[in-house]
Amino acid sequence: MLSRTVKSGAAVTLQYGSKTFSTTSHNHFKVTVAGGSGGIGQPLCLLLKQNSLVSHLAVYDISKITPGVAVDLSHIDTATRVTGHKGVDQACEAMKDADVVLIPAGMPRKPGMTRDDLFSSNASILRDITADFAKYAPEKSIMAIITNPVNSMVPIASEVLKKAGKYDPRRVLGVTTLDIVRAATFVGQINCIDPAEVTVPVLGGHSGVTIVPALSQCQPPVKLCNEEDIKRLIKKIQEAGTAVLNAKAGGGTATLSMAYAAARFTCSILRALAGEANIVECAFVKANRCDTPYFACPILLGRNGLEKNLGTGNLNELESSLLKKAIPELLKNIKTGEDFVMKPQTVCPPDPCKS
């Protein structure tokens, strides 16, 4: 596996990402998947059931099939214990003692929709799950948000936790790993090498133009010299989700690759919680920048979640230009999420003609 070197006084070598889902560590953790019976949740739970760091997998959803999903998973011959929790009245049991709470819950994207179009349906879902997280999850628990649009959902969760007096920016992480996985896959195809050996940081956010692959930092270097080819590759990464949606002819979204990416991200969190050093993933987190309050970039993971924000690194002229264009859209997404929590929601009065 490739390494990433970051200077912080002295140089340290950081292992970038986890490409496997099993480990020989003796540390064990409870992972709760809120939305575990959905299109992403089920394959994600399947992968987590195979991770030896997960001693207890709690499948939480409002769907009537949730108990059945848990029973189905429990028949897989690994040591991970599986429990099913159906309905909001079981949120306490689902989140109690959880080390990590993953949230893929929400409505799936449909043809013609952007991730941002999902906001109206998914904002209240994420808000309510976060409120339960604040009430029932332990203070040490890490929240990893998969629900789209991530650019707005992370601010929603953050504001809800602030209101509850439970906000710790180190423990609220937006999962953007699929962008990194896709970038590595496409570069691997171009370079004719195993994508697992490719490292590509992806900066900014997790939708459209806010996705900014730092291809100049790609290891090994991408074998493209023409700027137009680079631009086409960047656009392919940015529009990969739409490509899957169109290829499935409206029958689904990128559920399988998203589940894989989320499982990889979770594995990295658990390895860091277990004390393994130098674990790096990209994530959408509270930023240490002056131009945006949240930002996706490489982060060093540790026992408390986000150990250190590693920033953008050196960018070339094209990447700097793309990032400059991304910030206004990113700020708009963030404000949409913050306003949803901070401003009173308009409730339409009943229509007397329909009474």
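Using N, Cα and C of the backbone, Cβ positions are placed for all residues, glycine too.
What TrEMBL says about this protein:
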- 30-174: domain 'Lactate/malate dehydrogenase N-terminal' (DOMAIN)
- Gly35, Gly36, Ser37, Gly38, Gly39, Ile40, Gly41, Asp61, Asn122, Ile146, Thr147, Asn148, Met258: NAD(+) binding site (BINDING)
- Arg109, Arg115, Asn148, Arg182: substrate binding site (BINDING)
- 176-340: domain 'Lactate/malate dehydrogenase C-terminal' (DOMAIN)
- His206: active site, proton acceptor (ACT_SITE)
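Sequence features annotated in TrEMBL and their locations in the structure.
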residue	record	DSSP (3 states)
Gly35	NAD(+) binding site	coil
Arg109	substrate binding site	coil
Asn122	NAD(+) binding site	helix
Thr147	NAD(+) binding site	coil
Arg182	substrate binding site	helix
His206	active site, proton acceptor	coil
Met258	NAD(+) binding site	helix
| query | Which of these recorded positions is closest to Asn122 (NAD(+) binding site) if you go by CA atoms: Arg109, Asn148, Arg182, His206? | reply | Asn148
| said: Which one is it: of the binding-site residues Gly35, Gly39, Gly41, which Cβ has the fewest other Cβ atoms within 10 Å in this structure? | reply: Gly39
| message | Could you tell me the mean pLDDT the prediction assigns to the domain 'Lactate/malate dehydrogenase C-terminal' (176-340)? | response | 97
| Quick one: Cα separation, Arg182 (substrate binding site) versus Ser37 (NAD(+) binding site), in Å? | 25
| field | Gly39 (NAD(+) binding site) to His206 (active site, proton acceptor) - Cα separation in whole Å | value | 19
| said: DSSP secondary structure for Gly41 (NAD(+) binding site), reduced to helix/strand/coil, please. | reply: helix
| field | Winner by Cβ contact number (other Cβ atoms within 10 Å) across the recorded positions Arg109, Arg182, His206 | value | His206
| Length of the line joining the Cα atoms of Ser37 (NAD(+) binding site) and Asn148 (substrate binding site), in Å | 17
| query | If we check Cα distances from Gly35 (NAD(+) binding site), which of the recorded positions Arg109, Asn148, His206 wins as closest? | reply | Asn148
| said: Please identify, among the recorded positions Gly41, Thr147, His206, Met258, the one with the smallest Cα-Cα distance to Arg109 (substrate binding site). | reply: Thr147
| field | Which listed residue (Ser37, Asn122, Thr147) has most other Cβ within 10 Å, given these are binding-site residues | value | Thr147
